[in-house]
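As structure tokens, the structure follows; a few thoughts come after it.
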């Protein structure tokens, strides 16, 4: 009995120690969806609480015109839509990633929690870019905070994909393994947000006139960049396949020509 208890205790230690031990994929997805839903809800709550004009203000200041009163909060609404698009696309990338993951590991779960930690900071980034949209120095710093938050939220997603590739036979669906078409699509999706956020961060260091309006418009345009990336990857894979097929045809033609030649002609 004592020996069985020692073996059981040893097995529990090894199970909790190794980062490659399996983790419930369903629990990871459920927890992630809950965090994304709460973060998206916090954004709309901020809009409803702080960016809706009061009836008395509409009557006195804007002469009863609700649309004119709402236009005063235009930068705040633009910040909301840009932040919501960012959260939505990060969730979409997360969903696409775990669609191809067949088994999650503890390391992937840890990286996922780190990504969600920065996802939870996106409402803070929204408040900064909406509150400091009129002050030049603070405006640039607010954009930089948003870029850093988005970068780490997306780079940890990329790290999950890299970890899955290290043990792709156990963790990934065959369609998404290294070298396949879906692998190229996932690489493009996961690399887009880190590259864009880094690029915008360095632009803010070089351009002092970079505004929050431009930043949020870029956030809204990114879905079209996703579509353009998918088209670009499809075209690139088609071109690569055509080039490889042409090279193979040339090799086959040369082999056939050599086979048709006589031994003396071959030696010459």
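Residue 1 is the first one shown; counting continues down the chain.
Quick reminder: no glycine exception, Cβ is built from N, Cα and C everywhere.
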Of 213-240, 241-268, the range TrEMBL labels transmembrane segment: 213-240
Selected stretch (most C-beta pairs under 8 A with the transmembrane segment (142-166)) from 107-126, 187-207, 213-240: 107-126
Same-chain residues near the transmembrane segment (187-207), Cβ under 8 Å, at least 6 residues beyond its ends: 89-90, 93, 96-97, 140, 143-144, 147-148, 150-151, 153-155, 157-158, 161, 215, 218, 222, 225-226, 229-230, 232-233
Same-chain residue ranges lying at least 6 outside the transmembrane segment (213-240) that approach it to Cβ under 8 Å: 75, 78-79, 81-83, 85-86, 89, 129, 133, 143, 146, 181, 184-185, 188-189, 192-193, 196, 200
